[in-house]
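Asker: Encoded as structure tokens, here's the structure I'll be asking about.
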């Protein structure tokens, strides 16, 4: 039987480039398990920080070294020149995190190519990336969440007379403490916590430097709970896990510094709460029209028993130590079987 040709696509132009490389290395290892070797011929492709696609030879060098390709940022490049092997792929496994990878742009390209790919389509990816659109979808589905306010860069930078009024509105509608986030960045990039007016002004200015769309959320004292979802039209939820950390909040530095955070699987929470989280995770998956895989993050307010949805990540980190594969491992689905299942889900969705 001919092997299915899988294009493993990693790298990308976002700030999560190195995370993508690590995810791809783990996925390639999973494809090297005997059962997967018999079914799939995996060809890696690398997108550098300029957006250029590189062939399997370069991609393998990057995966071996674990280091991104050194490039000159000021040179003009032809981003439309794809390696010739691209047209031979039967299914793609994109593992690009952040903008230009999991925001619907790449998914649109693969859809135009009329080829199967792992993960959500254009709509699910867009909604899963933009926190404002995501929260609108969650609200429409009746999922409880913290108070939030959507604003734009122009409100922050354009008119110095309007900015103080904006800060007054945030203080009145959301209150302190609050979190200020760029709407379209992942891995907690650009997030700030504001406890007072001075910190709010600085946080808004910082977020505006990252994105033209900004979201302000009410702070809440809660445990951070996560659940993995797998499937297409009939998705299944994993066991529930918890993220614990030693900082004021779960920012980029805490997330990617060894020893600053840890995972607890399964989370030490009541069964009733765990079941509620799993049900809400599936509802969130459907609310954004996700496909294949997603990790859904929640706040569990222990003193009231409330479960509030935080966000959905339609292309979560995929290293051996990432929460998504670890949740499925604890549920009984090993890494190599998970990778196989995701490819099969992609092929099934393409057939429909």
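Cβ coordinates are placed from backbone N, Cα and C, and glycine is handled just like the others.
Below, the features straight out of Swiss-Prot:
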DOMAIN    135-344  domain 'ATP-grasp'
BINDING   171-226  ATP binding site
BINDING   297, 311  Mg(2+) 1 binding site
BINDING   311, 313  Mg(2+) 2 binding site
Asker: Quick one: of the binding-site residues 297, 311, 313, which has its CA closest to the CA of residue 171 (ATP binding site)?
Answerer: 311
Asker: What's the most sparsely packed of the binding-site residues 192, 206, 313, counting other C-beta atoms within 10 A?
Answerer: 206
Asker: Rounded to a whole angstrom, what is the C-alpha distance between residue 178 (ATP binding site) and residue 313 (Mg(2+) 2 binding site)?
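Answerer: The separation of the Cα atoms works out to 21 Å.
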Asker: Look at the binding-site residues 171, 185 and tell me which residue has the greatest number of other C-beta atoms within 10 angstroms of its C-beta.
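Answerer: Ranked by Cβ atoms within 10 Å, first place goes to 185.
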Asker: I need the most crowded of these binding-site residues: 199, 311. Count other C-beta atoms within 10 angstroms of each C-beta and give me the top one.
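Answerer: By the 10 Å Cβ neighbour count, 311 comes out on top.
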Asker: When neighbour density is defined as the number of other C-beta atoms within 10 angstroms of a residue's C-beta, which of the binding-site residues 178, 220 has the lowest density?
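Answerer: With the binding-site residues 178, 220, fewest surrounding Cβ atoms within 10 Å: 220.
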Asker: Around residue 297 (Mg(2+) 1 binding site), which of the listed binding-site residues (199, 206, 213, 220, 313) come within 10 Å, judging by Cα atoms?
Answerer: 313
Asker: Taking the domain 'ATP-grasp' (135-344) alone, what is its mean pLDDT?
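Answerer: Across the residues of the domain 'ATP-grasp' (135-344) the model's pLDDT averages 92 on the 0 to 100 scale.
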Asker: Quick check: in three-state DSSP terms, what is residue 185 (ATP binding site)?
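Answerer: SS state of residue 185 (ATP binding site) = coil.
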Asker: Which of these binding-site residues is closest to residue 313 (Mg(2+) 2 binding site) if you go by CA atoms: 185, 192, 199, 206?
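Answerer: That would be 185, the closest of 185, 192, 199, 206 to residue 313 (Mg(2+) 2 binding site).
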